[in-house]
Each structure stands twice: as structure tokens, then as C-alpha cells.
Amino acid sequence: MNSDGPKSGKKRREIRAKLVKKLTSDEDGSGKLVKDNNKSLKRGREGKSDVDEPLIKKPASTTPLVTQIAKTSDSYLSKTRFDQFPLSPLTLKGIEDAGFKTMTVVQEATLPLILQGKDILAKAKTGTGKTVAFLLPSIEAVIKAPPASRDNRHPPIIVLVVCPTRELACQAAAEANILLKYHPSIGVQVVIGGTKLPTEQRRLQKSPCQILVATPGRLKDHIDNTSGFATRLMGVKVLVLDEADHLLDMGFRREIERIIAAVPKQRQTFLFSATVSDEVRQICHVALKRDHEFVNCVQEGAGETHQKVSQMYMIASLDRHFSLLYGLLKKHITDNVGYKVIIFCTTAMVTRLVADLLGKLSLNVREIHSRKPQSYRTRVSDEFRKSKSIILVTSDVSARGVDYPDVSLVVQMGLPSDREQYIHRLGRTGRKGKEGEGVLLLAPWEEYFLSSVKDLPITKSSLPPIDHEAVKKVQKGLIQVEMTNKEAAYQAWLGYYKSQKKIARDTTRLVELANEFSRSMGLSIPPAIPVNILGKMGLKNVPGIRVAPGFDKKPAKRNYRSR
């Protein structure tokens, strides 16, 4: 979104960060503050799960109306003011206080259609104001809804927003609270995977809300197990599927279908997505009306990545990856005052390993991944958002939608799961029209991935000469990394690449590559893996695998009589 200037943008980010913190933790990091419709804040426990874990039948296609947004500028901003639309004066006041002046392209394109009562599928690049685009009309729907009677034991939920991850859910709720500054009677709550269900049930009963933001699995839990919740959902007038492509990529088809079945057919539905895959189009036939509109805010020929982000890749053997990363970071830190770097790793445990190593190398590093509790992740996310001269090592929990301002460099270590994930990761930089840089670091046997991004402006970078001093420092740092971290990273690495079909075809070769990764961590012998884990991976009896002692035989029968 546009604003008065840098000061108002900074102020807005600070407000949002505080609200996210309130939504996910209290003073001791163990609770949740939730704005209710009685102007008070209610507390509940936070949870620990990363995202809810898990597709869509191909119905006969229909042809929706298409709205194409043609812009001569690369900017995501438009010249349209918010007060040019019939929005509530109190909402406009909140927008003004937040420093917003003009709309983004996606907001300008979708708002008039939504206000006409249309369902929409909106495609837009990341960081272009999609969240506010669906929140503004959602708030208007709440304002226009008839007030619930005071003796109603199950006051209706008017707006239901479904997000794929807890981070996105909390961020959307924080944005909503900014816009609701002058609407104290409108309550917002968040229900997310991993929290204690009874605590959320008590909070929902004690502090009814009109806007509910949720992750799919937890929402289904409430539909199935929370008294009166299904009745409350029958009041839904607006359903939002945020990051629809990500929801489907994560296998949430059944949950989405269950959610759609639980809300009234007479409703408005908005699907917002950075990419529009066949799966997204299929879910449209289930969720949207036949006359829904497709709003494409990506210019034809503009590409799927931001043009102000330079993209390059390096091909190097695994034994050079850590020292190359260290050299890349040192150069970037030297060249960029106030640098802000995000490093994406293939798994949570590899993330932990890389963060541990960079910490041993005296870099200012933080880590976020699914194995960290939500209170920790919220605190680190907030710190990274507000800080400069900092490095965040993360798994894909930070790949989509999360808004970190002023990220100067994104490094992707190892094979992205697919083209879309590469694009979303890269989208953490170059946001709000700013410049950024992206580097993809691959091993020679991962080079096949480049064919999937050959239409993107990504160029090959030659490898720098070996910096022997840097290599020594990295080797010393790896020695200091905890052995348990190396063992967990090895097992997770093997599991991740076992899921990559082109690599996993030859299991003997896969294990050879895993052992190469083990050596890159400074280990002369690869870690042993329990036989039950190897069985689940389909890697039993593969040459080169070490079975953990004590796990390769069936447990002996216990003689209870001798006790």
C-alpha cells in the first residue's frame, strides 16, 4: 500500500508487529490476547504446531469473467484513493491513521467488483496488498450485517478467513485490527493449529467475534468438536481463502471442502493467490459462483517475479556450500549497510544446523522453523521485522505472505520443492517496489531444477576463488556445532531428497549424496539412522546406510516372571 512517506510506513509496521505479538503471546510468552466485541482483551493459551497437515476433483470448467489490469508502470501502486469508494467513514479514518493514501493495483481492481457482490479469484504478486484487499470489503460486510440479538447463545461469525499457516493467520488478524481501530464493536479472533482446543473453545464462547481467521485443520477441529460452532458458521457472509495455491499445495483439499460445506451457499467468496495453477482453478468450481470474476494483476510478459530483484544461481559441490554461503554473506554485509538477509533451507533440521553454524561464525543470526514453539517464532519474526543488520535462517514457514520490510538478499540453499516455492521465497525481497537480490545455491546434480525457471531472469554466477581462510573458519565452526544437530540434519536431508522423484529413483545414489552432505558437515562417518525410520523412507538395506545400534533387531521378549 502507498503511504504518506517512510515514517508512516514504519509506524504502521510497528503497530502491526505489536498486534501480531498480542495475538500470539502475553507477558510470559504463554498466552494469546484477543480483541473482542466488548472492547476488552481476552487471554488464551497458544500452541506449538507449525501448520495443520493435510486435493480437488476436476469438475466441468466454466468460463469466468476476466478483469485484466494493464499498467504501463511496474509499480504495484495505483492513483486511486480509498475515499473514492463507499467505505465506512470509520474505516477510512483507520486507513488514514495507518498512513495509507492510495490503493495498490490489486485493491483497486478487486474492491469495486466485491462491492458489487461478485465472487473473485485474484492473482497478484506477493507483497502487493492482497490482505487489505480482502479485509476492507470483509469489514464492510460486518458493518452491514444485522446486529446479533443479545440473548443469542451462538452469535454468528460474519467473515471467515482461512490461511495456510499460523504466521499468515496472525498477520492477517493484525492487519484487520489496524483497519478496525475505530470499530471497537467488531471483534477479531484467531484459531490456529497446535493450540489447546479446549482453551480456544472457552475463548470463542466468552468473547464472540464477527471476524475469524483460522488455519484449515484447526477450523475443522472446531466444526467437529466445538458446541455451537457449526451454528455460528451458518452466519458467514464472506469466505476468504488466502494463499489458495499454498493451501492446496499443502494438501488441504479435504479440509477446504469440509469448510465450504459448513458455511451457507448464499455468501461471497474471495480466493487470493500468487499463482493460479490447475488445482486452484479446480477449487474455484467448488467455492465460487459460476459468474465469478478472475482479476489478473500480473501484467502479461511481466513475469512472476519482481523485476527489481536480481536473480542468480551458483553450482558447486556440497563440500563448498557452507564456505560459499559464508563468503556470500560477508560480501553482502560489507556492501550493504543495514542489510537484512533471509536464508531458506530445505528442512527444519537443516535450518537449525545452518543457523547454529552461522552463529558460531559470529554472525547476527536468528532461526525460524516448524520445530520452534509459536511464541518463539512470533518473537523472532517481530525482531527480524523491526531490525537491520540481521540474518534470518528459515524453513518454508516464511516462504509465503509474511511481510518483512527491506529484505536486501534472499539465499536459497539446495533444491526448492518446485518452481512456485522458488518464486515465493524470492518474493520476500523486492517488496513494496524496492530492490532486492536473490541467490540460488545448488549442487551439480540439482541443476535440472533450472529448466523449471528458465523463463525467469535468473543468470549463472561464476564461483569465486576458494577463500582458504573462510574455509578454515567454517570447518572450525562445524566442529563446534552440536552432534545432535548434525545427526538430525542428515536424517532430515535424506528424507527431503527421498521425496524428490528425479533424485530418489536410484536409492544407492541418493545415499551416496546424503553421505556427501554428511562429509560437508565435517563428519568422516555418516550418522546412523533407526531401522524403523529407514523402513518408512524405503531405504532399508541400501548400501552406505548406517543402522543405529539397538534398532536393527526385533526387541527380545521380556521375562516378566524374573522380576
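Glycine is no exception: its Cβ is also placed from the backbone N, Cα and C atoms.
Residue ranges 80-108, 283-311, 399-427, 428-456 are listed, and Swiss-Prot annotates 80-108 among them as motif 'Q motif'.
Cβ neighbour counts within 10 Å, taken over all protein chains shown, single out K130 as the most crowded of the binding-site residues K125, K130. Under DSSP, residues within the motif 'Q motif' (80-108) fall into helix, strand and coil as 16 helix, 6 strand, 7 coil.
Secondary structure at G129 (ATP binding site), as computed by DSSP, is coil.
Around T128 (ATP binding site), the same-chain residues six or more apart in sequence whose CB sits under 8 Å from its CB are Y76, T104, V105, V106, C297, listed in sequence order.
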